[in-house]
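Participant: Dumping what TrEMBL says about this protein:
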type	residues	note
DOMAIN	1-297	domain 'SAM-dependent MTase RsmB/NOP-type'
BINDING	Cys104, Ala105, Ala106, Pro107, Gly108, Gly109, Lys110, Glu128, Asp173	S-adenosyl-L-methionine binding site
ACT_SITE	Cys226	active site, nucleophile
Amino acid sequence: MKLPNEFIEKYTNLFGDEAAAFFASLQEDVVEKGFRLNPLKNQFENVSYSLAEPVPYVPTGYYGNVSGKSLEHQTGYVYSQDLSAMYVAEVLDIEPGDRVLDLCAAPGGKSTQLAGKLNDTGLLVSNEINLKRAKILAENMERTGAKNVVVLNENPANLAKHLPGYFDKIIVDAPCSGEGMFRKDHNAIDYWHQDYPAECALRQRDILQDAVKLLAPGGQLVYSTCTFAPEEDEQIIDWLVTSYPDFEILPIEKYPGMDQGIPAVTQDQNLELEKTVRLMPHHFKGEGHYIAKLQDTRTKTSDVVKSPKVKKKKNKKQQDKTVLSKEEYQLWQAFQSEVVPALAYAQQDLKVYGSYLYYYSKNWFSLDQLKFVRPGLLLGTFKKNRFEPSYSLAVALNPTTECAKTITITREEWATYVSGNVINVSRDLPNGWYLLECEGKAVSFTKVVQGVAKNFFPKGLRFNV
Ligand SMILES: C[S@@+](CC[C@H](N)C(=O)[O-])C[C@H]1O[C@@H](n2cnc3c(N)ncnc32)[C@H](O)[C@@H]1O
């Protein structure tokens with residue numbers, strides 16, 4: 001890998017004696033991998049990956065490589081994540097019931113972790129400006145099985161216009177010059193030029209200005225990048241606390257191999273920046289990252305004050321099209337009482353978009369003016385006088401406690417099913433909807449018709465093991 005000359009010059013000046021070790025680490029081909037367990041799932045004794053090497057700084061993190069074609073991945077038990085990246089969401093102090101925003105969320109590394117930390121309380125809004133990436137994000141969030149996640153496809157300015165002061169906690173994992181990704185993605189070097197970090201910094205300031213507007217007084221903000229560039233790291237945080245004096249930098253615990261931020265790269269030599277973290281590949285097993293944690297010191301206001309105003313409906317024509325018809329509600333209830341009795345959602349917490357039925361709590365914000373990819377948990381589809389449960393609902397279920405009709409399948413049968421084939425089951429089994437579970441993990445819904453479990457695994461997700 002050929003590093004640009006200006007890059008070498010810049011970091012030789014900045015890192016001095018350490019520069020040679022730093023450049024050498026960027027040339028390493030074999031980089032240790034990591035993964036996280038999803039706390040929304042249960043029975044981890046059935047996970048076939050070794051949990052012998054836990055990561056010391058993330059309770060759900062482990063060293064090791066997981067396959068995207070494994071049962072554990074398909075059912076959302078594990079998420080493959082860089083060993084540095086998994087420290088970002090870890091440092092945000094999530095409390096049950098928090099409203100959390102991941103502003104630059106695709107493909108979902110931080111968001112999947114945040115969903116686990118919220119444990120189905122509060123609300124997680126995972127936002128991604130790029131539609132294609134937002135769809136990938138939604139797929140990754142689906143696999144977590146979280147019931148309280150909304151995926152938006154908004155620009156931060158529009159979000160700030162509609163939801164000012166709405167969120168208790170925000171992560172800005174900013175688009176950056178990606179220097180920390182050079183060894184993982186050699187193409188990142190092609191985009192790099194001397195002025196690139198400064199250009200990225202302008203965009204990061206814009207995004208942070210909106211993030212500040214979105215944060216509730218007394219809220220917490222975590223900012224991260226995967227670059228070594230001081231322009232996008234310490235200098236951005238220095239700019240933030242200078243521009244917004246209500247914000248103060250909180251200390252982040254430094255585990256072995258983690259470095260502190262470098263005050264010397266800022267004009268005012270702001271020593272507070274030592275509280276931030278640099279993850280450097282010559283010191284730490286993981287790609288290059290920078291993390292800062294900020295506290296808004298304004299007094300917290302009550303939920304009543306911070307909820308955005310919802311405009312009252314003016315006339316009948318403007319009636320909410322997302323309200324279920326009586327027939328739709330009856331179809332859902334018939335399915336729900338028979339198959340998922342634990343999910344007795346109130347009618348006000350259900351919404352329809354076209355023929356799709358979603359769980360979306362009445363306590364969450366109005367989606368009217370926002371572009372969304374996932375307006376809550378997709379429960380299923382209404383099709384000519386019947387209700388068909390979704391894959392999203394299947395993977396969100398605990399087969400033991402939340403589903404009354406399950407069929408246990410073997411790993412071989414699982415492999416058959418995810419490749420798009422049917423499975424033969426007992427002919428004595430009554431026809432109808434069942435949840436397929438393998439080793440306690442919810443795989444998919446199936447419809448049994450005379451001893452055959454029909455394939456309802458989404459076409460776009462099918463794979464051969
Ligand atoms: C570093 S990546 C996020 C990675 C993600 N947080 C994760 O852990 O998987 C930055 C994201 O910011 C998005 N982005 C680009 N320009 C943006 C902008 N102006 N405002 C908000 N997000 C932007 C990119 O599309 C990209 O998905």
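Easy rule for this one: first residue shown is 1, then count along the chain.
Every residue, even glycine, has its Cβ placed from backbone N, Cα and C.
Help me see these features in their spatial surroundings.
Facilitator: Of all the Cβ atoms in the protein chains shown, 22 others lie within 10 Å of the Cβ of Cys104 (S-adenosyl-L-methionine binding site).
Secondary structure at Cys226 (active site, nucleophile), as computed by DSSP, is coil.
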Participant: Take the mean position of the Cβ atoms of Cys104, Ala105, Ala106, Pro107, Gly108, Gly109, Lys110, Glu128, Asp173, the recorded S-adenosyl-L-methionine site. Which other residues of that chain put their Cβ within 8 Å of it?
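Facilitator: Close Cβ neighbours, site residues excluded: Asp102, Ser111, Ser126, Arg133, Leu137.
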Participant: Could you measure between Lys110 (S-adenosyl-L-methionine binding site) and Cys226 (active site, nucleophile) for me? Cα positions, answer in whole angstrom.
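Facilitator: Cα-Cα, rounded: 13 Å.
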Participant: How big is the S-adenosyl-L-methionine site in terms of the longest C-alpha to C-alpha distance among Cys104, Ala105, Ala106, Pro107, Gly108, Gly109, Lys110, Glu128, Asp173, in angstrom?
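Facilitator: Value for the max Cα separation, rounded to a whole number: 13 Å.
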Participant: In this predicted model, what is the average pLDDT of the domain 'SAM-dependent MTase RsmB/NOP-type' (1-297)?
Facilitator: 96
Participant: What whole-number Å value do you get for the CA-CA distance of Ala106 (S-adenosyl-L-methionine binding site) and Cys226 (active site, nucleophile)?
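Facilitator: Here the two Cα atoms lie 14 Å apart.
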Participant: At the Cα level, what's the spacing in Å between Cys226 (active site, nucleophile) and Gly108 (S-adenosyl-L-methionine binding site), rounded?
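Facilitator: That comes out at 15 Å between the alpha carbons.
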Participant: Within its own chain, what residues at least 6 apart in sequence put their Cβ under 8 Å from the Cβ of Asp173 (S-adenosyl-L-methionine binding site), listed in sequence order?
Facilitator: Val88, Asp102, Leu103, Cys104, Ala105, Gly109, Lys110, Ser224, Thr225
